[in-house]
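Colleague: Before I ask anything, let me first share the structure, which is written out below as structure tokens.
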Amino acid sequence: MRCHGRRSALFAVAVAAAIVAAAAAAEVVHDGRRTYIVHCSHAAMPSEFAAHGDWYASSLQSVSGGAAEVIYTYDTLLHGYSARLTRAEARALEAQPGVLLVNPETRYELHTTRTPEFLGLDRAEALFPESNTASDVIVGVLDTGVWPERPSYDDAGFGPVPAGWKGKCEGGSDFNSSACNRKLIGARYFLAGYEASKGPVDTSKESRSPRDNDGHGTHTSSTAAGSAVRGADLLGYASGTAKGMAPRARVATYKVCWVGGCFSSDILKGMEVAVADGVDVLSLSLGGGTSDYYRDSIAVGAYSAMERGIFVSCSAGNAGPGAASLTNGAPWITTVGAGTLDRDFPAYVTLGNGNKYNGVSLYNGKQLPTTPVPFIYAGNASNSSMGALCMTGTLIPAKVAGKIVLCDRGTNARVQKGFVVRDAGGAGMVLANTAANGEELVADAHILPGAGVGERAGNAMRTYASSDPKPTANIVFAGTKVGIQPSPVVAAFSSRGPNTVTPGILKPDLIAPGVNILAAWSGSVGPSGIAGDDRRTSFNIISGTSMSCPHVSGLAALLRSAHQDWSPAAIRSALMTTAYAAYPNGDGLLDVATERAATPLDMGAGHVDPSKAVDPGLVYDLAAADYLDFLCAIEYEPAQIAALTKHSSDHCSPNRTYSVAALNYPSFSATFPAAGGTEKHARTLTNVGKPGTYKVTAAAAAGGTAIKVSVEPPTLSFSKVGEKKSYTVSFAAGGKPSGTNGFGRLVWSSEHHVVASPILATWT
């Protein structure tokens with residue numbers, strides 16, 4: 001899986017791989033074996049066995065002759081075990097009675113001071129009575145571990161650990177079991193699957209314990225629920241009070257990601273233990289491509305977590321702006337894309353011809369001279385075809401010494417390029433976007449004077465550097481600026497829909513802040529994430545859907561504290577139907593990748609608005625039985641449904657008609673043939689607010705042509721909390737070329753509330 005943090009990473013190879021969907025390939029095969037996860041029917045255990053573990057060991061012995069051993073057994077989120085098998089052994093196991101599926105393991109990888117104010121939480125304390133008092137809501141974060149000494153885990157003012165908590169604080173290398181407290185109430189680590197595939201953890205690079213040597217896990221958990229910390233900053237940038245979305249929630253961390261990635265056998269065990277420990281929210285900033293839900297370990301684990309009332313939030317991925325690039329698309333998961341804040345870190349690049357260009361930077365070290373500095377394009381300072389990218393060893397020192405070097409963005413980590421320039425004797429760096437990133441700017445803590453600029457500025461600078469006989473430049477760093485408009489905008493890197501597994505379910509669900517987010521950081525690595533960076537900071541600013549996911553996880557914890565009887569689906573509905581898709585002037589939120597209005601494929605329902613989500617008026621609720629009907633609608637086989645849900649394989653009745661359009665989801669995705677057609681969707685709304693009468697407005701269009709949207713009935717009246725009302729929506733569309741998309745919005749409005757849903761129409 002990919003860890004959805006978009007940054008110059010500690011392990012540059014892992015970050016480069018995280019940009020490529022193929023990085024989610026299965027783990028390395030050696031000795032003809034790889035790890036498989038064996039899904040079994042719990043009820044099918046032969047009577048001669050006293051325990052399921054005995055059955056599993058016996059079945060494994062029968063196909064491997066003792067050559068394979070059980071890595072993990074799974075008892076709650078699924079029934080079965082993981083083991084290293086040959087292909088022949090896996091096929092033989094799958095043919096055994098009681099074995100539902102044998103899935104090859106997947107490797108996944110990892111995909112603030114301003115955020116609470118930007119989201120309005122500083123003005124909404126009265127709406128969330130638990131947000132400033134000790135809360136028993138527990139957020140479980142599966143990631144790279146935790147740096148427990150950070151003040152974001154200070155437990156001052158917290159009461160005793162909740163009585164029902166069953167978790168532990170596991171000791172290990174460089175981590176004492178006493179490191180937890182009343183805020184950080186649990187810390188565990190899982191590596192049996194990783195070590196079965198990759199060999200023993202290299203303890204010279206990372207701790208064999210919950211200790212976070214990467215920084216990603218500390219950043220995500222403190223974003224979700226970090227305690228308030230005054231005087232937080234990164235190298236003087238973004239100074240203020242840093243706190244998570246739910247600062248009074250408890251935190252439990254589960255380290256499932258290591259240098260070589262995050263393996264599904266470990267992730268499943270981590271999820272299983274977290275659920276058994278008693279978490280209320282699960283946050284996973286991980287991704288691993290797309291596959292059927294019964295083959296997606298996160299989807300499998302999340303299903304059973306949902307059944308137990310646990311809200312599961314996952315990052316959409318960082319493979320945008322390409323279409324159909326998102327991961328974690330199961331409808332029982334809340335899938336989160338990334339947007340910007342109204343805060344920026346400007347840097348200005350002035351060329352010798354007098355032209356000035358806006359960029360961004362988090363550099364805070366020795367400044368460049370005020371006089372012009374010689375300037376060179378890296379492509380003109382290398383004998384390598386990769387020279388323009390400033391790859392290691394590609395620059396010619398004699399050509400770059402004492403100069404500002406213009407490097408192209410791409411392939412290797414952004415901040416690593418600065419190390420290459422510095423080591424070749426360069427004085428500074430301008431990092432220029434190519435067409436792949438357009439005008440998206442992500443700030444980095446460069447090791448030398450450096451700034452990132454957009455594609456247009458980069459093109460102009462390349463032309464200047466190649467045409468002027470004595471090109472010069474300079475970089476001025478302007479610190480922190482707030483009130484940047486327009487904001488938010490959809491980040492170009494944020495992965496987009498449609499949902500390739502189930503096009504009838506619109507994903508992502510919504511967006512949240514994910515660009516230049518300040519949160520706590522590991523003490524093992526510098527802010528650049530590069531091994532040669534000897535700077536150490538308590539906080540770091542990084543970007544990615546890894547950062548937007550824990551925002552929603554924390555907000556879900558706030559909603560759970562305010563509405564303890566709400567289901568995970570009700571919480572997601574409240575977040576989605578109150579999200580905003582337009583600025584106050586009425587213009588649609590921008591997509592930085594296209595510089596045009598974003599669509600539901602980019603942002604789902606829109607940008608999260610927690611002050612409204614706490615009182616949404618109406619919600620689209622769902623129970624486990626509804627998701628089972630959905631699995632029947634997508635025609636999963638009985639064994640596939642049983643492996644995914646642990647429910648009877650004969651759930652789908654031949655006497656019923658199942659439809660994806662009947663799933664009570666807070667968004668609409670209608671599909672038409674190229675010739676056009678009609679489609680009907682059914683929905684039910686539950687009143688969670690004041691009594692009132694709601695009237696509907698709905699519209700959608702594609703290519704300037706309106707899609708006819710009819711809602712019956714057009715008015716719904718609610719007299720009490722918990723009352724349910726149903727309606728149907730009919731979509732009728734004319735012919736359009738295959739691949740055309742149309743967009744719209746359906747809104748129920750009362751005197752007190754607005755309940756909005758995005759509409760996607762697709763011609764196939």
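Placement of Cβ uses the backbone N, Cα and C atoms for every residue, glycine included.
Okay, so TrEMBL annotates it like this:
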type: ACT_SITE; residues: D143; note: active site, charge relay system
type: ACT_SITE; residues: H216; note: active site, charge relay system
type: ACT_SITE; residues: S546; note: active site, charge relay system
type: DOMAIN; residues: 35-111; note: domain 'Inhibitor I9'
type: DOMAIN; residues: 135-584; note: domain 'Peptidase S8/S53'
type: DOMAIN; residues: 393-460; note: domain 'PA'
type: DOMAIN; residues: 663-760; note: domain 'Subtilisin-like protease fibronectin type-III'
type: REGION; residues: 199-225; note: region 'Disordered'
type: SIGNAL; residues: 1-25; note: signal peptide
Colleague: At a C-beta cut-off of under 8 Å, are there same-chain residues at least 6 beyond the region 'Disordered' (199-225) that contact it? List them, or none.
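Modeller: Contacts of the region 'Disordered' (199-225) (Cβ under 8 Å, skipping residues fewer than 6 from its ends): 3, 5, 9-11, 110, 112, 115, 139, 141, 143-147, 150, 152-153, 169-175, 179, 187-189, 191, 242, 244-247, 249-251, 253, 255, 257-259, 281, 283, 285, 517, 519-522, 524-525, 529, 540, 542, 546-547, 549-551, 553-554, 557.
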Colleague: What is the interatomic distance between the Cα atoms of D143 (active site, charge relay system) and H216 (active site, charge relay system), given in whole Å?
Modeller: 7
Colleague: Ten-angstrom check, please: count other Cβ atoms within 10 Å of the Cβ of S546 (active site, charge relay system), all chains counted.
Modeller: 35
Colleague: Taking only the Cα atoms, work out how far S546 (active site, charge relay system) lies from H216 (active site, charge relay system), in Å, as a whole number.
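Modeller: That separation, Cα to Cα, works out to 8 Å.
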Colleague: Along the domain 'Subtilisin-like protease fibronectin type-III' (663-760), what average pLDDT does this model show?
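Modeller: Summing pLDDT over the domain 'Subtilisin-like protease fibronectin type-III' (663-760) and dividing by its length gives 97.
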